[in-house]
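Working notes for the structure below.
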Amino acid sequence: MGAKLLCLFLVSALLAYYIYTPIPEDIEEPWKVMLITASFRAMGHLAEVANQLGLMHYMEGLMLLTAAEYVAPTSDENVTVTDTEFSNVAVRLYLPRRTSDGLRRAVIYFHGGGWCVGSAGMKSYDHLTRWTSNMLNAVVVSVNYRLAPKYHFPIQFEDVYSVTKFFLQSSVLSQYGVDPDRICVAGDSAGGNLAAAVAQQLLEDSEVKIKLKAQALLYPALQTLDLNLPSYQENEHKPILPKSLMVKFWSEYFTSDSSLREAMASNRHVPVESSHLFQFVNWSNLLPEELKKDHVYSSPTYGSSELAQKYPGFLDTRAAPLLASDAQLRGLPLAYILTCEHDVLRDDGIMYAERLRAAGVPVTHDHAKNAFHGAMMFVLSPAELAIGHRLLSRYIEWLNENL
């Protein structure tokens with residue numbers, strides 16, 4: 001009996017140690033967040049073991065979560081849902097059943113997942129896009145772009161850009177009853193990166209006559225140059241997206257070559273020839289004083305030119321929209337940018353909001369001080385969070401008022 005109690009105690013202690021994660025005091029429902037974080041961490045550890053044993057790539061291991069969360073396209077009384085293809089790229093299409101007095105609004109949505117995981121068919125994304133379609137009486141196109149490690153940059157960008165360009169044709173908009181003056185691109189995390197890049201590219205594409213009205217970027221990843229911003233330092237081990245995982249996502253977007261990941265982890269991946277780009281991500285000029293805190297800006301430590309020559313994508317504005325010049329930002333559609341305090345990507349979004357404003361672009365910057373990366377996705381049981389509902393409501397409210 002004593003041995004059993006001892007074993008039970010040890011197992012309980014180990015489980016508690018594994019589950020426990022320090023949670024910032026201002027985050028609501030800390031135990032629920034702790035359990036969510038532990039489940040993500042467990043998935044990461046299992047993926048790492050599978051990778052070390054040669055069973056599957058690390059990212060393929062994480063994709064098991066995507067597969068587990070998949071829901072088939074299911075219509076309801078409010079929205080008709082179908083899986084189809086636009087320009088040979090898989091999309092999930094949401095068409096509202098409600099009658100409309102005129103042409104409808106439209107949202108083209110790009111899911112998150114570090115360009116490596118996720119899908120439009122995941123339960124959380126299906127809920128988000130279905131809810132968007134129903135609440136706004138809008139056509140929603142959710143894009144299933146191809147993923148790393150099988151496909152690297154620029155495939156992900158090319159897929160979402162191809163879908164957007166296809167949808168913006170007058171004949172397609174007419175087919176779905178969409179108002180050409182009320183179209184938005186949106187996305188979260190890596191999807192926010194893709195949405196920002198698409199909006200920039202459309203400005204330079206003379207073939208596209210119909211322009212976007214808006215862009216909605218939800219805790220977006222926007223730059224590859226400085227992976228040691230104050231937000232990366234402060235949130236290195238915070239819930240859902242620790243710095244180590246974000247570095248893996250960034251490097252895998254461009255290559256499976258571990259040398260790039262190692263260089264990014266030490267923030268020594270940018271060659272001196274690209275030093276002029278740091279002006280666009282200089283947080284000492286772009287962050288508000290309250291976020292600089294006690295951080296001291298230091299000049300970048302440059303890396304090998306060889307990496308940039310082999311994998312030039314990480315210096316490409318299509319992968320890092322924050323690297324666009326001021327001239328390239330002028331004329332962009334009005335923007336909604338959501339950032340979360342406890343997120344390594346916080347400063348990316350804040351700096352982009354500042355640069356867009358300086359370029360004359362109307363910006364609504366919604367900073368959630370008590371939220372972490374991905375919080376808006378947690379609106380379904382059993383991983384349901386009050387903050388997720390509030391952030392989703394604020395996003396829908398902005399679209400309703402501005403689109």
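Just so you know, glycine gets a Cβ as well, placed from its N, Cα and C.
Feature annotations, courtesy of TrEMBL:
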SIGNAL    1-16  signal peptide
DOMAIN    107-266  domain 'Alpha/beta hydrolase fold-3'
ACT_SITE  SER189  active site
DOMAIN    316-376  domain 'Alpha/beta hydrolase fold-3'
ACT_SITE  ASP343  active site
ACT_SITE  HIS373  active site
Pairwise Cα distance for HIS373 (active site)/ASP343 (active site) [Å, integer]: 5
For SER189 (active site): intrachain residues, at least 6 apart, with Cβ closer than 8 Å: GLY112, GLY113, GLY114, LEU218, TYR219, PRO220, ALA221, LEU241, LEU345, HIS373, GLY374
Arithmetic mean of per-residue pLDDT over the domain 'Alpha/beta hydrolase fold-3' (107-266): 97
Secondary structure composition of the domain 'Alpha/beta hydrolase fold-3' (316-376) [DSSP: H/G/I, E/B, coil]: 22 helix, 19 strand, 20 coil
